[in-house]
Amino acid sequence: MLVFPNAKLNLGLHITERRPNGFHTLETVMLPLPWCDALEVLPAAETTLTLTGRPIPGDPATNLCRRAYELLQADFPAVPPVHLHLHKVVPIGAGLGGGSADAAFALRALNTVLQLQLTDEQLEAYARRLGSDCAFFIRNEPALALGRGDELQPLPLPQLRGAACKVIYPNLHISTAEAYAGVTPKAPAHELRAALAGPVESWRETVVNDFEGSLAPKYPLLGELKAQLYAAGAAYASLSGSGSAVFGLWPELTQPPTMALPAEYLVWDGQL
Ligand SMILES: C[C@](O)(CO)[C@H](O)COP(=O)(O)OP(=O)(O)OC[C@H]1O[C@@H](n2ccc(N)nc2=O)[C@H](O)[C@@H]1O
Ligand SMILES: Nc1ncnc2c1ncn2[C@@H]1O[C@H](COP(=O)(O)OP(=O)(O)OP(=O)(O)O)[C@@H](O)[C@H]1O
């Protein structure tokens, strides 16, 4: 079975509390971004994982696709071995949730290939054990994410359907843990659901990603890229998640405008 784990974007991100276990309470809206890896799951004589495409830092034994299989195998010891092949496209350390998507899509594909008949609720419970962002990718639809980022409420965003979008990854790896460590939690100035109900042009004043302020002193480039997206006419521009990817939205266009950017940056142009 071949699946295409897609990335996500965050619209607004409020970090409201640091918990004693080091995790943070947040509120954010996540929406699927059709920038995809490719993942194949096949029955095999022994369980293996092969990787192509963008190099993934860390030991392949801890790859989230493999960990997804191991989680299911622990509860269903009779499942047969599988071969997993991941072709990595989505940049890492980007705030695009690429690894989390691989984990969730692996769970979904294994559920089908191994005929486990798990419900979405059960798959979400497994996904939560692999990472805060993972549960979002089980249903993979726009959602308000609360708690650790894994308590999901569907939130349709009809005003963005078909909107032109540009995502810029400035070849800069920002670790999620490092980004959270630099944030001082605070109460949000605007209620996110209410702010997103307004026209996209109003979001510039009301929809805030709290990581932008804390990352700005170390990475002024992120603010510069956002300013460039606004100069190119974006109705809204923001950092995604904990960065370093920055995106712009043009709801009136089907393709974003061309921008002159350094050759080493990765740029995704498309429609939501
Ligand atoms: C920034 C976001 O992408 C926004 O959607 C997510 O909150 C990140 O979720 P994620 O990558 O799935 O994060 P996890 O793999 O669960 O955790 C990585 C690290 O991020 C920090 N972390 C993550 C989620 C959270 N609610 N609070 C945190 O403090 C912790 O230091 C943790 O060790
Ligand atoms: N399939 C995978 N794809 C990407 N990273 C993976 C994968 N499996 C494990 N990892 C590990 O996860 C780390 C990436 O997580 P990190 O949270 O920094 O970035 P991210 O994927 O851009 O997501 P986020 O939106 O959470 O910031 C990598 O350094 C790697 O060690």
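The backbone N, Cα and C atoms fix where each Cβ goes, and this holds for glycine too.
Positions annotated as active site by TrEMBL: Lys8 (among others). Under the three-state DSSP scheme, Lys8 (active site) falls in the strand class.
For Asp133 (active site), the same-chain residues that are 6 or more apart in sequence and have a Cβ closer than 8 Å to its Cβ are Lys8, Met30, Gly97, Ser100, Gly149, Asp150, Gly241. Per TrEMBL, the feature active site maps to Asp133 (among others).
The number of other CB atoms found within 10 A of the CB of Gly95 (ATP binding site), across every protein chain shown, is 28. Taken from TrEMBL, the feature ATP binding site covers Pro91, Ile92, Gly93, Ala94, Gly95, Leu96, Gly97, Gly98, Gly99, Ser100, Ala101.
Here TrEMBL flags 63-138 as domain 'GHMP kinase N-terminal'.
Under DSSP, the residues of the domain 'GHMP kinase C-terminal' (209-250) split into helix, strand and coil as follows: 18 helix, 10 strand, 14 coil. The annotation domain 'GHMP kinase C-terminal' is assigned in TrEMBL to 209-250.
Over all protein chains present, the Cβ of Pro91 (ATP binding site) has 23 other Cβ atoms lying within 10 Å. Look at Gly97 (ATP binding site): DSSP puts it in coil.
Fewest other C-beta atoms within 10 angstroms, among the binding-site residues Gly93, Gly97, Gly99, are seen around Gly93.
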